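A.B. asks: Here it is, the structure, as structure tokens.
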Amino acid sequence: MTTHLFTSESVSEGHPDKIADQISDAVLDAILEQDPKARVACETYVKTGMVMVGGEITTKAWVDIEEITRKTVREIGYTSSDMGFDANSCAVISAIGKQSPDINQGVDRADPLEQGAGDQGLMFGYATNETDVLMPAPITYAHRLVQRQAQVRKNGTLPWLRPDAKSQITFQYDNNNIVGIDAVVLSTQHAEDISQKDLHEAVMEEIIKPILPTEWLNEQTKYFINPTGRFVIGGPMGDCGLTGRKIIVDTYGGMARHGGGAFSGKDPSKVDRSAAYAARYVAKNIVAAGLADRCEIQVSYAIGVAEPTSIMVETFGTEKIPTSQLILLVREFFDLRPYGLIQMLDLLHPIYQKTAAYGHFGRAEFPWEATDKAEILREAAGLK
């Protein structure tokens, strides 16, 4: 019997880094709506009273960067200087250039199927059968806590909540099976006039209890609600925010490896994003097919080259068929060339702002979460 603890964290849509991610992806969506073939690499920086949007964008579209920025911040909930940030009065600075022609010549091809990767790099995808969405439980429930925080803030249940929040959950495992939740941390920005006693009680009753399954909670479970005792100053006033600084929150909460490339603000020609989505799609279909209980996929690319330079399948001893056979199935049923995976997952649509808070994986509305290849994989593996 081997027991261990594993912890993952998430942050709300009002966290400074997530504000930046959402602005970058809102700009991307606005451009893709007009020009699906645009090349976009959009970075955002937020600090007290200001937003800077920069990067390299090559497109036939015209979008209003300032209006997109203000609308995004407004939707998150920063609409008053009392919160330290106001969508209506913050400065918006734009510093956008064009994509290098040296990169263009390596990516664009007369035959779309020969489209090269927009950069070199390695990407991972992961799936596990420990939750119904085939994601690790720690990151799944960490996301759900901060999603619930936003819900009760916006619907008026707890009107004194403010947009910035963080969650963290420690799960206890026995032989890789969940046996309970050891610790829950939730820190939320709040109005000045709420007492800590009322805050603790409301967070427990309205956020934590409705989300966490009771069978995983016991008398030993520890709760840390606003452990510093006060969280009035938050958002960009408390910390500056940057696109791409929450890559573990965005993916698997540390339970799988990460190639290092961020997602937000990048169009699908950037394999940092699109190939990570494809790797999740592959891993999820392998687990959904019952070919493994856990699966991690690695793919890698060279700039300007269409075919992946490597494909790796790791199943942690849970595979039902040999790993060598799994790799052959991946190569047969999944086109992991940049253009191929864009077509396979239908990525040239404005779907990205929704990904920029509460995780890119484990959410059914995204095409890389489909399990439409599970049946054919199972048949090809001879497990029917």
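Heads up, the Cβ atoms here are built off N, Cα and C, so glycines get one too.
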A.B. asks: Please pick, from His4, His15, the residue that Swiss-Prot records in the ATP site together with Asp164, Ala165, Lys166, Arg230, Phe231, Asp239, Arg245, Lys246, Ala262, Lys266.
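C.D. replies: Of His4, His15, His15 joins Asp164, Ala165, Lys166, Arg230, Phe231, Asp239, Arg245, Lys246, Ala262, Lys266 in the ATP site that Swiss-Prot records.
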A.B. asks: Between 66-76, 99-109, I'd like to know which one Swiss-Prot lists as region 'Flexible loop'.
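C.D. replies: Going through 66-76, 99-109 one by one, Swiss-Prot flags 99-109 as region 'Flexible loop'.
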A.B. asks: When the Cα of Asp17 (Mg(2+) binding site) is compared with the Cα of each of the binding-site residues Glu56, Arg230, Asp239, which one is closest?
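C.D. replies: Comparing Cα positions, the closest of these binding-site residues turns out to be Asp239.
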A.B. asks: Counting other CB atoms within 10 A of each CB, which of the binding-site residues His15, Arg230, Lys246, Lys266, Lys270 comes out lowest?
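C.D. replies: It is Arg230 that, of the binding-site residues His15, Arg230, Lys246, Lys266, Lys270, has the fewest other Cβ atoms within 10 Å.
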A.B. asks: Just report the maximum Cα pair distance in Å for the recorded ATP binders His15, Asp164, Ala165, Lys166, Arg230, Phe231, Asp239, Arg245, Lys246, Ala262, Lys266, no decimals.
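C.D. replies: So the binding residues stretch over 36 Å, Cα to Cα.
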A.B. asks: Say you check the Cα of Lys246 (ATP binding site) against those of the binding-site residues Glu43, Glu56, Lys270; which is nearest?
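C.D. replies: Answer for the nearest of the binding-site residues: Glu43.
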A.B. asks: With H, G and I counted as helix, E and B as strand and the rest as coil, say where DSSP puts Lys246 (ATP binding site).
C.D. replies: coil
A.B. asks: Rounded to the nearest angstrom, how far is the Cα of Glu56 (L-methionine binding site) from the Cα of Lys266 (ATP binding site)?
C.D. replies: 10
